[in-house]
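S.K.: Handing you this structure, nothing more for now.
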There are 2 protein chains.
Amino acid sequence: MALIVQKYGGTSVGSPERIEAVAERVQRWHAQGNDIVVVVSAMSGETNRLIGLAKAITPDPDPRELDVMVSTGEQVTIALLAMALMKRGVAAKSYTGAQVAIRTDSSFGKARIESIDDARMRADLAQRKVIIVAGFQGADDDGNITTLGRGGSDTTGVALAAALKADECQIYTDVDGVYTTDPRVVPQARRLETITFEEMLEMASLGSKVLQIRSVEFAGKYNVPLRVLSSFGEGGGTLITVDTEEDMEKPVISGIAFNRDEAKLIVRGVPDTPGIASRILGPIGDANIEVDMIVQNVSADGTTDFTFTVARGDMKKALSVLEKVAQDVSAREIISDDKITKVSLVGVGMRSHAGVASKMFAVLAKENINIQMISTSEIKISVVVDEKYLELAVRALHTAFDLDAPSA
Amino acid sequence: MALIVQKYGGTSVGSPERIEAVAERVQRWHAQGNDIVVVVSAMSGETNRLIGLAKAITPDPDPRELDVMVSTGEQVTIALLAMALMKRGVAAKSYTGAQVAIRTDSSFGKARIESIDDARMRADLAQRKVIIVAGFQGADDDGNITTLGRGGSDTTGVALAAALKADECQIYTDVDGVYTTDPRVVPQARRLETITFEEMLEMASLGSKVLQIRSVEFAGKYNVPLRVLSSFGEGGGTLITVDTEEDMEKPVISGIAFNRDEAKLIVRGVPDTPGIASRILGPIGDANIEVDMIVQNVSADGTTDFTFTVARGDMKKALSVLEKVAQDVSAREIISDDKITKVSLVGVGMRSHAGVASKMFAVLAKENINIQMISTSEIKISVVVDEKYLELAVRALHTAFDLDAPSA
């Protein structure tokens, strides 16, 4: 007997039939004696339909009114799931974010949860009712409806689990867990039984889009055991846990992430003087361009090369900013390249294991893959290589770091 | 400068283009210095779409959950209209029923309004904001979402007008007012400038489905001037007012209503004893069949004929009930007829004018139309005739009672 929060995404509740399947699963968990709180998203396509209606009125809809409208998507789903459970003889009750009550600040469209009142839920759970809460939404102090932004249903699930001190928060999605790397690139990729919050954050931000980053941060902060699993299959998924540092079996590397959506910009031959980095990156930030990796080589002749990466879609904009900056910082030339990819090894194990970086570089060298940039953090090593080497690099590293599934 | 509540139905807000048209109209009234509160229905088709989703889950959805779902229809419209107004530079703010706050009892699907808190609205109006309220919905004392039942947006409009002591409640619909009779039957039918609440109630219940009866009762009770007008044209519509009894110009008859959806049942040769009516109608009521007209002829040979009408769809069910009752009350025979129609003259003027009934009968006699049943109230005379005479009867009466529009 446990208190479990389950979150189902838009695809999992995309049709009446799929909602029935969710109801069946919830019923099964409930029948085992567990107390269940379910968080649901809008039926897939619904949020886009609603936004389309708004855009038909105005390209720039008022954020408060957009939230009033978009929040109806989840409101429909909670009612349908409650009906499906009651049909099965399971007592159930739905709540909108405002009703539950999930209090947020007033940042319409990207609100942050401030508090959750668990009194109603506790009373319902005591009566063995399944509680169904609309994800992605809340209300501010004045009762205005707010939304947490896209993907915010994960955050709702984790926040409810934290408020209720749930035993587990299960995020049901269309993948059956977190993998050592993308199985489309490496067929031998394995599902991880567990992964730490820190590793998950690195994996997520590097392109493994299983969970919303914010919800992982939230779960880590409030120590909510988070499990990612498939709403279509029966596997155990991947449990995201705190790093106990006691697990001696912990492998050095948990997974390999990569990101094709990168472009590289090099500002060559700038004077190696204090403040040069901010004079280059300041205007980039002012233009609302997010910078990912930043590398500055050691100075040789009193000048240095300053390199950074941005999302590919931002490369042109970044170039035009740099052209103005180039004169200002007396740069020799500006070089750009959008035929690159970033490959990262992620693992809390590397904290205590020397030699991960050198092994990585050796593996890539053996395959004749030239490394263009290197950047490291405590639990991650990232390299930038020519994008044509992506598959080769990821597969070679996956094998070298013992991540391949045992062959059958 | 006045405080005006405007209500727009589903057809009037059926597409983004139509919502723009509503916004334009609201802007015009607002620019004239009026304070405006707008009540909107769901976009046409939306409520049925939502109910269809529920029915795909279960034929018998939980009423509370159905309200949670169905109420989203209006919630979408309020946001879209607010956006459309803001685009035009008109300050606007939307409220769901729960937010405004419209307090109802807990009869999900057919809730009754108990109170309306006008504090928020007053504050917004003081800032010259247009207030947009979701029709058809409210919340009970526990914050559960309730709906007022189909067509309930009219009731919301009238209730808000009453709470705010508005100068006028305007119901925008797809007809441009209340007519002396159905223009499809009588091309010379005229739009009425005014009609009394009592007349409107008789006209509405007799088949002129312009306004929800409940909203007219409500408006009458709280003395809210109610105006029906077209959301597509520019006419002044029809003002529904209290009967001042001072209007000497008031015509005897305001309009002619008719109802094709009637079937007649005759219980022949029952003993003319006290209690016979209830022994016949009791079982009909128990079977949830609504009875409209009831006529009992004067006894001749100690037995009498008892006649009543029901909706056509209920005739078969009523017959099977009567077959059992027939033995119990020793009736000679049961006769049914669904080829009938009811035609009614309505007008507060007939209170003080004798001879309306005899004139009506004479007009019908002149056309060789046989009257099967007669029933009268203070402001209405209804007759049942063979349905093949419907058009002939209505046209003859329309002309005879000076209702025809002056020919151009």
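Quick reminder: no glycine exception, Cβ is built from N, Cα and C everywhere.
As annotated in TrEMBL:
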type: BINDING; residues: B:K7, B:Y8, B:G9, B:G10, B:T173, B:D174, B:Y179, B:R184, B:K209, B:V210; note: ATP binding site
type: BINDING; residues: B:T47, B:E74; note: substrate binding site
type: DOMAIN; residues: B:265-336; note: domain 'ACT'
type: DOMAIN; residues: B:345-408; note: domain 'ACT'
S.K.: State the count of C-beta atoms found within 10 angstroms of the C-beta of B:T47 (substrate binding site), not counting that atom itself.
M.R.: 21
S.K.: When you measure from the Cβ of B:T173 (ATP binding site), which residues in the chain that are at least 6 apart have a Cβ under 8 Å away?
M.R.: B:G9, B:T11, B:S12, B:V210, B:L211, B:V228, B:L229, B:S230, B:S231
S.K.: Work out the three-state DSSP category of B:E74 (substrate binding site).
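M.R.: B:E74 (substrate binding site) sits in a helix per DSSP.
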S.K.: Whose Cβ, among the binding-site residues B:G9, B:E74, has more other Cβ atoms within 10 Å than any of the rest?
M.R.: B:E74
S.K.: Could you give me the DSSP helix, strand and coil counts for the domain 'ACT' (B:265-336)?
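M.R.: So the counts come to 28 helix, 25 strand, 19 coil.
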S.K.: Three-state secondary structure of B:G9 (ATP binding site) from DSSP?
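M.R.: Coil, per DSSP.
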S.K.: Inside 10 Å of the Cβ of B:K7 (ATP binding site), count up the other Cβ atoms and send me the figure.
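M.R.: Within a 10 Å radius of the Cβ of B:K7 (ATP binding site) lie 30 other Cβ atoms.
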S.K.: Do you know the DSSP helix, strand and coil residue counts for the domain 'ACT' (B:345-408)?
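M.R.: Split into helix, strand and coil, the domain 'ACT' (B:345-408) gives 29 helix, 14 strand, 21 coil.
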S.K.: Can you tell me how far the Cα of B:K7 (ATP binding site) sits from the Cα of B:T47 (substrate binding site), in Å?
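M.R.: It is 17 Å, counting Cα to Cα.
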S.K.: How far is it from B:E74 (substrate binding site) to B:Y179 (ATP binding site), counting Cα to Cα, in Å?
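M.R.: Cα-Cα distance, B:E74 (substrate binding site) to B:Y179 (ATP binding site): 29 Å.
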